[in-house]
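K.L.:
What TrEMBL lists as carbamoyl phosphate binding site is A:54, A:55, A:104, A:134, A:137, A:275, A:276. According to TrEMBL, the feature L-aspartate binding site maps to A:82, A:171, A:231. The domain 'Aspartate/ornithine carbamoyltransferase carbamoyl-P binding' annotation in TrEMBL covers A:2-146. For A:158-312, the entry in TrEMBL reads domain 'Aspartate/ornithine carbamoyltransferase Asp/Orn-binding'.
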């Protein structure tokens, strides 16, 4: 695996292997000394053209625990705001000696361009691009699901995951639909029709406008094994996609009533959220803080998964010693 | 728009096929087709004292010089992307003898002064007649009419008006433009794009955009404007031209409008006849264009519309861009692709080699009809004695792999790079003077 750009690029076996590697990484993270020497001498650049403290520190922690040097480059206050192009920024960082570039960008396809435009030959890891993909988020979600639903092994065959919210603008939803399908799970997207993209009917999932019916198990896939709530971005609230926050919350929010019904039809079901949450909008405080919520666990799993991804894309490059795999 | 001097060299083209018909000889002299057939060789011998060049036309097809209704020459303002000289050299290399230069320059071509400047620069360059298009509204602002009459009365004799790049979306303003241009037989060429439905749009809205996460440009945003405009044209009787029609629904609306007798014409671009939105998967902005590349079903419908005459002309929408405006991420890139040097080849591949078109049809959509719509008296003429010697000689049997670095345009944003296309322009004559001679650009007076 040279780059990680799109969840679709992963085969089932590659995805399972990445999750297994992440599991091995996670085992090391319960030790008192968490640091591994695997990427010693290599430099990972976090190239963030869009604000995302959470994702950036997760990648930074992952790289540092593998002993890589980390350079954080954020667009704010940098030459990017002076009109420097993506190409020039990338070539500058390569010249500085980046061995891998982790990129977050508001433009869909920007990591793909970095990887394929011929500007640089460095491995590229997509940390979220526009409304396209966020493959490490999908991997950490799959990792979390696997731990709860499949004993932390193999794939997610036969499991039913419900994803609720702004699918239209969500890279998390796109990545999850593809990866969960690859891993054998069934996915139902639930959203108001204005927040599903034209063309969603071609995706490898079902769609519904009715959260209550989906939680009740009316879908062909039956009752959910997991419900993933997507964040509603502030700018969508004024974009005319739905009449008001209150109406959205009433129809598509995971409140205590819906949480109780989920518990009754599917006692083992988990509640997920990629964060940051709008408590009281897409998810109630009760649901967010309930024992079945995996929100905090997803964050720590994110570090393990990103360790696995960085290790995998940098393995085989000069300076990496395979035998140091934990 | 006569050339500064009458050419003294005569050209005897032997064994050439006019419009793909029976091979014959053409004598080009004194700016006109002096003789056709058996008379040509005889007349050539009578021309004592003149230089006579004999061109072996065996295997070549003669067409009237091509006329582009939709070209961006970028001058004034973006001379780093194209100039009137480089753009018309590109045009000549593609077999064009006249190009309509769109108004979205800087400054905008919305006054008699700017259109006359563009027209004069075209005359000075000498590679093709440059026909300025006037802006419909001041500064393409969509708020009040530009001085359409002053542009029509200027030396540039503007007859085509367009805010291309932007849609005249205000229905009252569009109505007034259709009405006002009747006074001088003008035509309003509409860039049909409902602005609210296309805010932030990056590519065709459909299966591919949903998957790759680029904001969609829905077909209905084009179709809704075309439907409104044909009804406005019916109501007020003006002349409407639909630019770069790209969807199956648009073809249906124009077909319906023509059946009702509405005075509407339509153009399709070569890229909308060949390429689809699947290419956006590469995120390579060379495929970013407005209106966007559509689906295979749309491409089939546009081809069918061109074949049955619903679509009147093929126009290039040649849109050169400086390298930095394409060598970046998709959403930061400019819309548009070059097309002058590949248009005839694409039309051959899509329409002729597939059996949908004769070469006479090619002449109709790439010369006769665009000249008629643009009101050009001495372009798109029959290949007969006494007509202007404004013709192109084309070798349909040649094959070439498109290499943008070899193009005469200043810009390199051709979506056909690396693609093998049929045909090659061997000679282009503008009023008897070669602008392309044996496959190479010829030096012209004034250039």
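Heads up, residue numbers simply count up from 1 along the chain you see.
Cβ coordinates are placed from backbone N, Cα and C, and glycine is handled just like the others.
Caution: TrEMBL annotation is automatic and unverified by curators.
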K.L.:
In which DSSP state, out of helix, strand and coil, do we find residue A:104 (carbamoyl phosphate binding site)?
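P.N.:
In the DSSP reduction, residue A:104 (carbamoyl phosphate binding site) maps to strand.
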K.L.:
Counting across all protein chains present, how many other Cβ atoms fall within 10 Å of the Cβ of residue A:137 (carbamoyl phosphate binding site)?
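P.N.:
Around residue A:137 (carbamoyl phosphate binding site), other Cβ atoms within 10 Å: 26.
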K.L.:
Can you tell which of the binding-site residues A:54, A:55, A:104, A:134, A:276 lies nearest to residue A:171 (L-aspartate binding site) in space, using Cα positions?
P.N.:
A:134
K.L.:
Minimum Cβ neighbour count within 10 Å among the binding-site residues A:54, A:104, A:134, A:171, A:231: which residue?
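P.N.:
Candidates: the binding-site residues A:54, A:104, A:134, A:171, A:231. Fewest Cβ atoms within 10 Å: A:54.
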K.L.:
Taking chain B as the partner, extract the binding-site residues from A:54, A:55, A:104, A:137, A:231, A:275 whose Cβ is under 8 Å from a partner Cβ; order them by sequence and answer 'none' if none remain.
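P.N.:
So none of them sit by chain B.
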K.L.:
Using a Cβ cut-off under 8 Å and a sequence separation of 6 or more, which residues in the same chain sit near residue A:55 (carbamoyl phosphate binding site)?
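P.N.:
Long-range Cβ contacts: A:48, A:104, A:127, A:128, A:136, A:137, A:302.
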K.L.:
If you count Cβ atoms within 10 Å of the Cβ of residue A:275 (carbamoyl phosphate binding site), leaving out that atom itself, what do you get?
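P.N.:
I count 15 other Cβ atoms within 10 Å of it.
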K.L.:
Provide the three-state secondary structure of residue A:134 (carbamoyl phosphate binding site) computed with DSSP.
P.N.:
coil
K.L.:
Summarise the domain 'Aspartate/ornithine carbamoyltransferase carbamoyl-P binding' (A:2-146) by DSSP state, stating how many residues are helix, strand and coil.
P.N.:
67 helix, 26 strand, 52 coil
K.L.:
Could you tell me which three-state DSSP class residue A:231 (L-aspartate binding site) falls into?
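P.N.:
Note: residue A:231 (L-aspartate binding site) is coil by DSSP, not helix or strand.
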K.L.:
The domain 'Aspartate/ornithine carbamoyltransferase carbamoyl-P binding' (A:2-146): mean pLDDT?
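P.N.:
The average pLDDT of the model in the domain 'Aspartate/ornithine carbamoyltransferase carbamoyl-P binding' (A:2-146) works out to 92.
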K.L.:
To the nearest Å, how far is the Cα of residue A:231 (L-aspartate binding site) from the Cα of residue A:134 (carbamoyl phosphate binding site)?
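P.N.:
Residue A:231 (L-aspartate binding site) to residue A:134 (carbamoyl phosphate binding site), Cα-Cα distance: 14 Å.
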K.L.:
Cβ within 8 Å of the carbamoyl phosphate site's Cβ centroid: which residues qualify beyond A:54, A:55, A:104, A:134, A:137, A:275, A:276?
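P.N.:
Near the carbamoyl phosphate site, the remaining chain residues are A:52, A:58, A:127, A:128, A:172, A:274.
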K.L.:
Looking at Cβ-Cβ distances, which residues of the chain lie under 8 angstroms from residue A:276 (carbamoyl phosphate binding site) while being 6 or more apart from it?
P.N.:
A:54, A:231
K.L.:
Using the residues the record lists for carbamoyl phosphate (A:54, A:55, A:104, A:134, A:137, A:275, A:276), what whole-number Å value is the largest Cα to Cα distance?
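P.N.:
Across A:54, A:55, A:104, A:134, A:137, A:275, A:276, the two farthest Cα atoms sit 17 Å apart.
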